[in-house]
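According to Swiss-Prot, the features are:
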TRANSMEM  37-57  transmembrane segment
TRANSMEM  101-121  transmembrane segment
TRANSMEM  142-162  transmembrane segment
TRANSMEM  169-189  transmembrane segment
TRANSMEM  219-239  transmembrane segment
TRANSMEM  241-261  transmembrane segment
TRANSMEM  271-293  transmembrane segment
């Protein structure tokens, strides 16, 4: 006796929206969160207080999620030609373009609402951060190294943290933001190496394409500059040996990444990108212990 075939269940709208904002892929949120946490501890001279911590934690998650939705909307005509992205909900036709924009707008508005109790400087910087997040996807069309712009967008929690805690953005905050730009170029170039062949066919601009055969060397130079600038920031703040131990551990992580990317294998390059979460964690651990013992 034959049984009637059962049609595969379609994912719910909520599940599709969760995929749109990469709920299942938290690496982007973590790469946004670590620099923000470094800055919060440095600005406060230790733990910043739970209220501020949760405001920035939630804001980071929401803005990264909004950025993912905005990115998919901006790249909807390109992603269908890239193996890694062609199954995304918007590209696959499972949700409409207006839905992606609506999700991005709602999440961004919630994130902006979170900072209403904070001072005016932080609010103005939040507006700048929102503009950076919303415009980044379009820089890949014409800017040779869009990863530098990404580094500014992903690191803007640094000046915001100093503004929220100190009501000013001192030199050390901008120094750390510059350091974050080099870190972002390093990890996102490894990420761009995964899609380089597809991006070349589509005429997209990425640092992996711009650096060409010097891509691995460029990544390692960016790691070195990042660590050097962070060491400078630590000296300006008078941080002790645990902070520098964290930077040494981060340097060890960068060395490990070299072993992954040197052959330019796609899967290993992607692994190096994901592993930057632990590099960021090393810097935070050093910062945390340095203030704990100060």
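Cβ atoms here come from the backbone N, Cα and C positions, even for glycine.
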When you check the transmembrane segment (37-57) against the transmembrane segment (241-261), do you get at least 3 Cβ pairs under 8 Å, counting only pairs 6 or more apart in sequence?
no
Honestly, do the transmembrane segment (271-293) and the transmembrane segment (101-121) touch, with at least three Cβ pairs under 8 Å and pairs 6 or more apart in sequence?
no
Mind checking which residues of the chain, 6+ beyond the ends of the transmembrane segment (101-121), have their Cβ under 8 Å from one of its Cβ atoms?
17, 20-21, 55, 58-59, 62-63, 65-67, 69-70, 73, 127, 130, 133-134, 163-164, 167-169
Residue numbers, six or more beyond the limits of the transmembrane segment (169-189), whose CB comes under 8 Å of its CB atoms:
31, 35, 38-39, 42-43, 121, 125, 145, 147-148, 150-152, 154-156, 158-159, 161-163, 206-208, 211, 215, 218-220, 222-223, 225-226, 229-230, 232-233, 236-237, 254, 272-273, 276, 279-280
